Amino acid sequence: MQTVRMTTAQALVKFLNQQYVEFDGKQQKFVKGIFTIFGHGNVVGLGQALEEDAGELEVYQGRNEQGMANAAMAFAKQKHRKQIMACTSSVGPGSANMITSAATASANNIPVLLLPGDVFATRQPDPVLQQIEQTHDLSISTNDAFRAVSKYWDRINRPEQLMTAMIQAMRVLTNPADTGAVTICLPQDVQGEAWDFPSYFFQKRVHRIERRLPTKASLADAVEMIKRKKKPVMICGGGVRYAEAAEELKQFAETFHIPFGETQAGKSAIESSHPYNLGGIGVTGNVAANTIAKEADLVIGIGTRFTDFTTASKQLFQNEEVEFLNINISEFHANKLDALKVIADAKEALLALIDELQEIDYQSSYTVEIADAKDAWETELSRLHNIRFTCQDFTPEVEGHFDENLNEYVDALGTQLTQTAVIGQINTLLDEDAIIVGAAGSLPGDLQRMWASRKPNTYHMEYGYSCMGYEVAGALGAKLAEPSKEVYAMVGDGSYQMLHSELVTSLQENKKINVLLFDNSGFGCINNLQMGNGMGSFGTEFRYRNQETRKLDGAIMKIDFAASAAGYGVKTYHVTSLEQLQEALIDAKKQTVSTLIDIKVLPKTMTNGYESWWHVGVAEVSKNQSVQAAYESKVSNLQQARSY
């Protein structure tokens, strides 16, 4: 047997260079590159291996471990899970910073390979710098926290363990049914230890992502269910994008006259203008999709996890005869809502159903309902685009909270811009193939409802974990995946302040991204939630501490985000009017470096809900009558929802 004597870290790098995926006959490298932040826990081990021979891996320098791992996830998401980035950090705080990103990737079923440094396997120098000592178990380190948020976790305590660990890692990373974060912990001493690795460990490995076919029995059951139903509705989930099944879904909708709503992950699989595309569905959905969904007698979920935002906490579907048909590559997700399961690739399942349903000449019973619903939403959308603030007699979209305070925000932020009007203008002015990236706050709701996707795969929303701080890093990841396209991070001031470190990496790599920063001086989405459930405004506006009350109810904070970003070398713009916004967007397209447009918008001018409800933990007992009323409303809505 031929062997190669290498360190564990060197063997890992050599192995990663030999991984390929094949999908629909197309073969490509699986691991594009590796994000690094070096510390004592990885620099002389994995760092040495990368310096000596990185192979074809692109080596990137992150600025924050969570940020770089978010960028890696966004890269894989934009690549439809067919290519990934790895990330390496030092031991302790560096690795802990990636835990949130691991959870984000796993919640979204997006493959990311995390390689955190770890404490010494020999324990000789214990406690090593940044080690946590657990007196009940000395084998525990910070990296054990990854177990809860990884789809596969392993620790390499001996060099020879690398082989089985990495083979299992690739199994999970290339498994469309159960992929997510894979964490391989690398004790810092073991990284540098040598072993005689067999040459066959480094052979080219092609991981074929196969399209699972539906069984004849499940297909027959699905046909029997569909032919009994008159008003079905489909839900286009992220699985449609990752399976590249958009054309088949369009064919299915057109052939059988069946409309579909979009989840956050599924949006832009098909252009918004398609006659059967109702748009966003659920809590952050629009009136068209939710109205049709309420009356549907069959819900066909295609590649969706049926989150609470998609089902409106299982209260959206109100037809007493409604049943569920789930097409999913994952048995776990297909099993939800007591559904009839078709465990299969979305494309193959749809093609098979098209053949079977055509044989029986199936057609839904919709007449004008689909067109009427879309027309109603287009009318509402036009209204949202044209909302303008007036100092007197103005009623915001989210009304009754602090309408009387809006003039204070006008003065403090120097703006009269409404969020819906800003989004409308941005949607009009961006290139058709531009990619927008979002994750948290009020923007995901506005964008799922309002954004018109004119080209496929241009809407990139992380809403499985709704991770604040994903947006800027996510934009970098999307840009690395599609460097020829303009990429825009749609981010609120709250999320931007949490994390925007990879904006600097975009400058370093000369990968231009555009940050569209919506500043309403607060956590506006959560302010809406608390006040909508009977509370006052508490801890969600960005106000100075009042020296008299000792509370955060003083003057509104105004931050010049453009000035801050300009210090990095970003091209920046200040926007307080639609005219300035248009000028900034046009000029930003001409730039070759990353840009940031600091857009001051008024709170409460985002969209509100349409025909939906969201179950949150309202206090059952309170001295506040409005909280009591909110709790009673919750109980009433729960009575209309499924129990599971």
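Each Cβ is built from the backbone N, Cα and C atoms, and glycine gets one as well.
Here is what Swiss-Prot records for this protein:
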- GLU65: thiamine diphosphate binding site (BINDING)
- 442-522: region 'Thiamine pyrophosphate binding' (REGION)
- ASP493, ASN520: Mg(2+) binding site (BINDING)
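This view paints the features noted in Swiss-Prot onto the structure.
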residue: GLU65; record: thiamine diphosphate binding site; Cβ within 10 Å: 28
residue: ASP493; record: Mg(2+) binding site; Cβ within 10 Å: 24
residue: ASN520; record: Mg(2+) binding site; Cβ within 10 Å: 29
Going by DSSP assignments with H, G and I as helix and E and B as strand, what are the residue counts for the region 'Thiamine pyrophosphate binding' (442-522)? 33 helix, 16 strand, 32 coil
Roughly how many angstrom lie between the C-alpha atoms of ASP493 (Mg(2+) binding site) and GLU65 (thiamine diphosphate binding site)? 21
Quick one: Cα separation, ASN520 (Mg(2+) binding site) versus the residue listed as 'thiamine diphosphate binding site', in Å? 28
Where GLU65 (thiamine diphosphate binding site) sits in the secondary structure, as DSSP reduces it to three classes: helix
